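This report concerns only the one structure given below.
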Amino acid sequence: MKKHNFSAGPCILPQEVMQKAASAVIELDDIGLSLIEISHRSKEFVDIMEQARSLALELLGLKDKGYQALFLHGGASMEFLMVAYNFLEKKAGYLNTGTWSDKAIKEARLFGEVVEVASSKDKNYNFIPKDYKIPGDLDYLHITSNNTIYGTQFKEIPKTDLPLICDMSSDIFSRQLDFSQFDLIYAGAQKNMGPAGVTLVVVKEDALGKVSRKIPSMMDYKVHIDKDSMFNTPPVFPVYTSMLTLQWLKDLGGIAAIKEVNEKKAQLLYSEIDLNPLFKGFAAKEDRSNMNATFTLADEKLKDTFDAMWKEAGINGLNGHRSVGGYRASMYNALSLESVGVLVDIMSDLERKA
Ligand SMILES: *Cc1c(COP(=O)(O)O)cnc(C)c1O
């Protein structure tokens, strides 16, 4: 039996996507060759790349709006420096809402001045800062829409006239936003879209070309756009699998449809966390993430019992990140409402037993 996968990464995908991807590794669409052995310049793969790029823009509502979608190597971590390479001329602003923001800031500092516009670091990142003033003289403002480790999520995207750049690795395609408020969005595939090894970058074309430094080709978004996201050999398997997931999402009714399911899942789990006296939520209530729910046991003595119970029920990946402790239930798009139901039943069973 397939386990209920609450793991934070990499990666949970729809079963039908997994099956189709697996079979394409043996043979792609009856062409007598594997997906991973055909040329990336073949018509078959060029079509796959085009479809992946087009589906990404379509699902985000950014088609024909001056945006380009790229599938690049290096993970979201590579974007920490590519963003600065391409956008930081003098001074950039970052909201520091977690480990990933912190890492993005560290990389950006190699390229210019970085202002931490606001930070929740002194409270172990358990909330999203709200009252702060954004300086007007920044090249861009960078935010992390969902903080995977701490389980917080921006419910309101900051309003600014500055170019807005967002690390959306762990909540892209999970909820509706006006995506045209961003000049650049990036997301490692492995949380909500595909296997590790590819990163989606969605960039507004006319936001580029504003820095004076020379940019190495591999780091230059313009080069990747000019080469249709095939400047060098793309990671063909992660791109293909991401394309299948995006197609799956489109067939389901797009972001509007999955958002409903994601809200139901989050509501189900958070109401159990709030009503069950044995559990405590980690993140501030108003900032709770619909993707990663962080919580702890009120009484650590119950740990062994609870751990045995959820493992017995076929749940995987519930342990919290070491910097938070306790538990983290990641509820990405491909995790079903039924799986969350299984977890919630275990939590209330524990209350009955204790
Ligand atoms: C997982 C994650 C990353 C790191 O992604 P890599 O692809 O491993 O570099 C960055 N930001 C956020 C928000 C993440 O969840």
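Placed from the backbone N, Cα and C atoms, the Cβ positions cover glycine too.
Bear in mind that TrEMBL entries carry predicted annotations, made automatically and left uncurated.
These come from TrEMBL:
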BINDING   ARG41  L-glutamate binding site
BINDING   ALA76, SER77, TRP100, THR148, ASP167, GLN190, ASN232, THR233  pyridoxal 5'-phosphate binding site
DOMAIN    5-340  domain 'Aminotransferase class V'
MOD_RES   LYS191  N6-(pyridoxal phosphate)lysine
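Mapped onto this structure are the features recorded in TrEMBL.
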| residue | record | contacts (Cβ under 8 Å, 6+ apart) |
| --- | --- | --- |
| ARG41 | L-glutamate binding site | MET230 |
| ALA76 | pyridoxal 5'-phosphate binding site | TRP100, ASP167, SER169, TYR186, ALA187, GLY188, THR199 |
| SER77 | pyridoxal 5'-phosphate binding site | LYS103, GLY188 |
| THR148 | pyridoxal 5'-phosphate binding site | ALA8, GLY9, GLY98, TRP100, SER169, SER170, LYS191, MET291, ASN292, SER330 |
| GLN190 | pyridoxal 5'-phosphate binding site | GLY9, PRO10, CYS11, ALA196, GLY197 |
| ASN232 | pyridoxal 5'-phosphate binding site | HIS73, MET218 |
| THR233 | pyridoxal 5'-phosphate binding site | HIS40 |
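If you take every residue in the domain 'Aminotransferase class V' (5-340) and average the pLDDT, you get 97. For the residue listed as 'N6-(pyridoxal phosphate)lysine', other Cβ atoms within 10 Å of its Cβ number 28. If you compare every pair of Cα atoms in ALA76, SER77, TRP100, THR148, ASP167, GLN190, ASN232, THR233, the residues listed for pyridoxal 5'-phosphate, the longest distance is 30 angstrom. Counting every protein chain shown, the number of other Cβ atoms lying within 10 Å of the Cβ of ASP167 (pyridoxal 5'-phosphate binding site) is 30.
Residues from the binding-site residues list (ALA76, THR148, ASN232, THR233) with a C-beta closer than 6 Å to any atom of ligand 1: ALA76, THR148. DSSP gives SER77 (pyridoxal 5'-phosphate binding site) a helix state.
Counting Cβ atoms from all protein chains shown, TRP100 (pyridoxal 5'-phosphate binding site) has 22 others lying within 10 Å of its own Cβ.
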